[in-house]
Amino acid sequence: MAGSGAWKRLKSMLRKDDAPLFLNDTSAFDFSDEVGDEGLSRFNKLRVVVADDGSEAPERPANGAHSALQADDDSLLDQDLPLTNSQLSLKADPCDNCSKQRELLKQRKVKTRLTIAAVLYLLFMIGELVGGYIANSLAIMTDALHMLTDLSAIILTLLALWLSSKSPTKRFTFGFHRLEVLSAMISVLLVYILMGFLLYEAVQRTIHMKYEINGDIMLITAAIGVAVNVIMGFLLNQSGHHHAHSHSLPSNSPTTGPRCGHNQGQDSLAVRAAFVHALGDLVQSVGVLIAAYIIRFKPEYRIADPICTYVFSLLVAFTTFRIIWDTVVIILEGVPSHLNVDYIKEALMKIEDVHSVEDLNIWSLTSGKPTAIVHIQLIPGSSSKWEEVQSKAKHLLLNTFGMYKCTIQLQSYRQEVNRTCANCQSSSS
């Protein structure tokens with residue numbers, strides 16, 4: 001076998017020709033790796049030269065193929081010929097397909113990062129709860145509670161990515177996006193119940209001061225917490241991205257670019273948000289470490305433990321308030337904070353042949369999936385252009401303002417006639 005392979009490579013080398021390879025765009029080649037004829041040479045790279053001047057072509061093509069030179073016939077582009085199924089499949093928009101493939105690849109990378117982060121958070125959160133219980137430290141357990149909020153946020157992000165691939169059903173025609181909102185409400189409620197219990201214990205310790213804390217275990221647990229959060233920061237850090245601490249757009253700026261509201265930015269934003277949460281956990285872990293150091297070497301200052309519980313409980317309440325507010329807005333079908341209804345109406349009015357925008361309703365199926373229903377009236381006499389107007393309005397809502405879905409109703413403008421209701425006439429008489 002080895003001798004046969006060496007003989008094939010030798011024959012291939014002897015067949016090489018230094019003449020430049022000339023091909024036209026109609027030449028056919030077999031790129032199959034399994035060539036039946038051993039006499040044919042194999043190649044992994046191919047250089048194609050396209051020229052208008054036929055004199056540049058060598059008399060014998062270097063690869064043994066007999067290519068026929070043909071002039072470009074642009075008239076074929078003007079002919080309206082029916083396309084076969086195979087041709088239709090080639091006519092698919094490659095940019096759209098490529099963007100979907102890139103989106104799937106991004107989601108896989110994001111899911112991998114967030115899954116690793118969730119596992120680390122879960123393991124260390126359990127370790128902190130056990131260490132805090134053994135050390136009798138409320139500060140350690142409050143830090144674990146804050147870590148629970150970050151773990152919930154990551155799980156909700158993974159849930160949203162998973163639900164985005166699920167198709168709607170006959171009963172749930174919008175899909176299962178609101179399940180993310182329901183999960184957020186349950187997780188925040190659980191966090192508040194645990195926080196209330198820890199605050200109650202902290203108040204009891206502050207009043208009675210009858211407790212002992214194992215400073216060694218508290219110090220070791222706090223030091224491990226700092227190390228874990230540093231690892232989380234490196235894991236979630238995205239080189240080349242600017243890590244902003246604001247997760248919302250200003251209300252007077254309805255958009256920041258094309259398709260700003262779609263999910264191709266959601267992956268980086270999800271990891272970025274988790275990175276910011278990891279920074280917050282790092283600061284809190286450093287605070288617990290300082291308190292543990294004080295209690296370890298100055299046991300009489302054990303009041304630092306309930307004080308840390310108060311401070312960190314406020315931090316947990318502050319970080320979860322935004323989740324509660326966003327959840328309430330979604331449930332009440334309010335307009336997302338980064339969209340401006342008046343600005344969108346003005347943009348729709350600038351479309352040619354649009355007379356007025358009668359109704360515009362905007363809400364969110366879930367976080368990052370705004371939806372719109374709009375009723376547009378056309379200028380009288382422009383009914384024949386309704387497809388063009390609808391296409392422009394749809395492009396504006398989906399691509400410019402980042403709507404996840406939109407429904408557009410069009411009708412010709414009709415001047416309202418002042419008509420008096422028959423009941424009103426009878427009552428007035």
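Glycine residues also receive a Cβ, built from the backbone N, Cα and C atoms like all the rest.
Taken from Swiss-Prot, the feature Zn(2+) binding site applies to His146, Asp150, His277, Asp281. Cβ-based neighbour count (10 Å, all protein chains) for His146 (Zn(2+) binding site) stands at 25.
Here Swiss-Prot flags 240-264 as region 'Zinc binding', drawing on similarity to another entry. Confidence over the region 'Zinc binding' (240-264), given as mean pLDDT on the 0 to 100 scale, stands at 40.
For 1-113 (among others), the entry in Swiss-Prot reads topological domain 'Cytoplasmic'.
The topological domain 'Lumenal' annotation in Swiss-Prot covers 135-143 (among others), and the record cites a curator's inference as its basis. Here the topological domain 'Lumenal' (135-143) has long-range neighbours at 128-129, 195, 198, 201-202, 205, 211-215, 217-218, 221-222, 225, 281, 284-285, 288, 291-292, 295, 304-306, 308-309, 312-313, 316, meaning same-chain residues at least 6 beyond its ends whose C-beta is under 8 angstroms from one of its own.
The topological domain 'Cytoplasmic' annotation in Swiss-Prot covers 165-178 (among others), and the record cites a curator's inference as its basis. If one looks beyond the topological domain 'Cytoplasmic' (165-178) by at least 6 residues along the same chain, the residues whose Cβ comes under 8 Å of a Cβ in the stretch are 330, 365-366, 369.
According to Swiss-Prot, the topological domain 'Lumenal' annotation covers 200-216 (among others).
Residues or ranges marked as topological domain 'Cytoplasmic' in Swiss-Prot (evidence: a curator's inference): 238-274 (among others).
Proximity of distant same-chain residues to the topological domain 'Lumenal' (296-310), defined by a Cβ-Cβ separation under 8 Å and at least 6 residues beyond the stretch ends, is recorded for 137-139, 142, 198-199, 201-203, 205-206, 209, 211-213, 215-216, 218-219, 287-288. Sequence annotations record features per position, and here Swiss-Prot assigns topological domain 'Lumenal' to 296-310 (among others) based on a curator's inference.
When the topological domain 'Cytoplasmic' (332-429) is classified with DSSP, helix, strand and coil residues number 34 helix, 28 strand, 36 coil. Annotation comment: Swiss-Prot describes 332-429 (among others) as topological domain 'Cytoplasmic'.
What Swiss-Prot lists as transmembrane segment is 114-134 (among others), and the listing cites sequence analysis.
Cβ atoms under 8 Å from those of the transmembrane segment (144-164) belong to residues 107, 110-111, 114-115, 117-118, 121-122, 124-125, 128-129, 132, 175-177, 179-180, 183-184, 187-188, 190-191, 194-195, 198, 263, 266-267, 270, 273-274, 277-278, 280-281, 284, 312, 315-316, 319-320, 323, 366-368 of the same chain, restricted to positions at least 6 beyond its ends. Under the heading transmembrane segment, Swiss-Prot lists 144-164 (among others), citing sequence analysis as support.
Long-range contacts of the transmembrane segment (179-199) within its own chain (CB-CB distance under 8 A, at least 6 residues past either end) are made by residues 138, 141-142, 145, 148-149, 152, 155-156, 159-160, 163, 309-310, 313, 316-317, 320, 323-324, 326-327, 330-331, 366-367. According to Swiss-Prot, the transmembrane segment annotation covers 179-199 (among others), on the basis of sequence analysis.
The transmembrane segment annotation in Swiss-Prot covers 217-237 (among others) and rests on sequence analysis.
A Cβ distance under 8 Å defines the sequence-distant neighbours of the transmembrane segment (275-295), meaning residues of its chain 6+ beyond its ends; these are 117, 137, 139-140, 143, 146-147, 149-150, 153, 213, 215, 218-219, 221-223, 225-226, 228-230, 232-233, 236-238, 243, 245, 301-302, 304-305, 307-308, 311-312, 315, 319. Among the features that Swiss-Prot reports, transmembrane segment is placed at 275-295 (among others), with the record citing sequence analysis.
With a threshold of 8 Å between CB atoms, the same-chain residues lying at least 6 positions outside the transmembrane segment (311-331) that come near it are 139, 142-143, 145-146, 149, 153, 178, 181, 184-185, 188, 191-192, 195, 198-199, 202, 247, 277, 280, 284, 287, 337, 363-364, 366-367. Look at Swiss-Prot and you will find 311-331 (among others) tagged as transmembrane segment, backed by sequence analysis.
Using the Cβ center of His146, Asp150, His277, Asp281 for Zn(2+), the list of other same-chain residues with Cβ within 8 Å runs, in sequence order, Tyr121, Met147, Thr149, Leu151, Ala278, Gly280, Gln284, Thr319. Sequence-distant contacts of Asp150 (Zn(2+) binding site), defined as residues of its own chain at least six apart whose C-beta falls under 8 angstroms from its C-beta, comprise Tyr121, Ala274, His277, Ala278, Gly280, Asp281.
Each residue in the topological domain 'Lumenal' (296-310) gets a DSSP state, and the totals come to 12 helix, 0 strand, 3 coil. Below 8 angstroms of C-beta separation, residues 140-141, 143-144, 147-148, 150-151, 154-155, 157-158, 214, 217-218, 220-221, 224-225, 228, 231-232, 235-236, 270-271, 274, 278 of the same chain, each at least six residues beyond the ends of the transmembrane segment (114-134), sit close to that stretch.
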